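K.L.:
Below is one structure. I have some questions about it.
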């Protein structure tokens with residue numbers, strides 16, 4: 001497991017499962033796609049096909065007759081039986097045999113968003129039916145996992161017992177215990193994300209299967225109410241998930257994410273009201289984080305809210321708060337381009353955005369999708385992203401060019417000339433960290449492979465996997481573009497469903513080329529990256545804390561000063577004191593401080609998942625109050641900025 005109103009252009013729900021007739025305009029787009037793919041040296045259409053095919057290798061349950069990954073067979077057919085519920089189906093998250101609810105729901109949300117934005121482009125490539133099948137395989141399971149309004153099964157199996165064994169899913173003897181959420185054991189992140197997945201998927205099926213769409217929407221509404229009424233961290237209720245999919249960002253982002261998708265799916269004002277009135281309290285306009293994934297949804301919320309504003313024009317009664325959401329969406333986009341001030345994303349020497357050593361590619365694919373989708377919506381509205389600290393405007397074409405550069409890197413345009421999508425290109429990972437792919441297929445040899453025999457005979461075996469995990473996008477290289485294709489190198493060679501879910505959307509966009517945008521016209525041309533956005537062209541800048549691009553100043557003020565200096569062994573050291581002050585009339589909660597270019601020791605703050613935080617005894621900062629921390633280093637002052645907060 002790796003851890004680490006209506007829509008414009010295509011009417012709400014207009015993506016049809018059985019879409020077989022391709023309009024002339026789409027045919028022309030496909031012709032343009034061939035030219036673009038050739039110019040880039042990549043076959044985006046082939047990569048799209050493979051990215052969707054991968055999900056069939058991850059299926060749990062009784063496989064359908066249409067199954068194309070032939071080395072897989074039925075598995076997990078008794079899931080849920082001990083709990084008196086049918087939990088057969090769904091997806092294994094990565095290279096193991098556990099069904100984790102949070103990443104699975106996020107996968108379904110992002111597959112659905114990919115189809116909603118670029119379903120026509122998938123149809124032109126002949127892949128829309130496969131994409132929708134992949135979504136339905138997930139939603140069918142999520143419906144089963146929600147048997148009562150306030151009950152949600154969030155996991156089947158557990159990571160500890162699963163990791164003790166290396167077995168094909170067809171041979172599993174490990175625990176298949178199911179874990180549930182209910183009012184006494186709440187889990188707002190998981191319930192909220194599942195509500196978002198159901199709402200987004202309901203739009204996919206609105207035209208072709210309205211009855212199913214209505215079922216999904218009913219589940220979504222119930223789950224949102226459950227998540228909001230019984231608030232609590234899901235990993236405090238399903239504690240076995242904590243080691244593998246801990247909630248570091250809390251549940252505020254998932255509640256806003258679910259509300260945004262429910263507004264999109266229903267057009268009901270109460271969900272937009274929720275998004276607006278809870279913007280401060282749940283962190284929607286307070287977080288300025290530069291990564292988006294299964295745990296932290298704030299950039300996704302901010303981009304969706306910005307899209308609401310762009311489509312509405314003036315934003316209506318919630319114009320002010322929607323503009324604040326858009327500022328954060330702009331900052332995310334600018335940060336990816338290296339124009340977000342101190343909040344800018346790091347890059348490897350080869351140009352890949354880099355956040356962490358374990359499955360970094362998940363953040364590459366999610367950022368590429370957000371940038372592509374946001375670029376199309378900005379272009380349709382005749383707008384650009386506004387960057388902080390005199391960073392100017394980031395044009396939609398720049399966002400799309402950078403998204404393309406990241407996809408190209410994954411597909412092989414990198415210093416190693418290695419594709420990080422299994423089965424694509426001449427050189428790709430042969431030893432993906434994946435139980436089913438690394439052991440001989442049960443179809444070829446039905447002899448039982450035991451828990452430890454899997455390790456002794458297959459896990460430690462040097463050589464390519466016997467089964468091709470076609471289309472799997474693995475964790476990828478380190479911060480220096482280095483990669484070791486070794487099965488036990490799980491940080492780099494394990495693939496996940498949430499790596500591929502956003503990638504299928506941006507691949508569809510790129511495969512369509514000019515005129516392939518969300519709105520069916522040449523809103524954004526796919527161009528080569530300019531010198532300011534080329535993957536080798538921008539280093540992280542050394543700038544003071546990023547300030548918003550409009551009149552909405554941050555309520556948290558940061559001031560740092562050198563309070564002492566001394567020379568020791570030929571080096572001059574400086575003691576820096578940083579004061580953080582709440583200038584608002586409300587109390588700041590869950591304050592996260594970003595620090596970069598820190599080369600010495602720091603006192604008074606602790607390192608958390610996404611930033612630094614004050615000690616637990618200083619969990620809030622009342623109006624007008626300040627808190628301080630210090631650090632020492634033989635260097636100029638570090639960059640210090642506000643990453644996120646909630647305002648109550």
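Including glycine, each Cβ sits where the backbone N, Cα and C put it.
Note: TrEMBL annotation is automatic and uncurated.
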K.L.:
Of 476-502, 503-529, 530-556, which span is tagged region 'Disordered' by TrEMBL?
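P.N.:
Among 476-502, 503-529, 530-556, the range TrEMBL annotates as region 'Disordered' is 530-556.
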K.L.:
Do me a favour and check the Cα-Cα span between residue 485 (active site) and residue 433 (active site); whole Å is fine.
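P.N.:
Distance (Cα to Cα, whole Å): 9 Å.
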K.L.:
Between residue 494 (active site) and residue 433 (active site), what is the CA-CA distance rounded to a whole number of Å?
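P.N.:
About 5 Å separates the two Cα atoms.
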K.L.:
Using DSSP, tally how many residues of the domain 'Carbohydrate binding' (556-634) sit in helix, strand and coil.
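P.N.:
Tallying H, G and I as helix, E and B as strand, the rest coil: 3 helix, 51 strand, 25 coil.
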K.L.:
In sequence order, what residues of the same chain, 6+ apart, have a Cβ less than 8 Å from the Cβ of residue 433 (active site)?
P.N.:
95, 474, 487, 488, 489, 490, 493, 494
K.L.:
Within 10 Å of its Cβ, which one of these active-site residues (485, 494) has the largest number of other Cβ atoms?
P.N.:
494
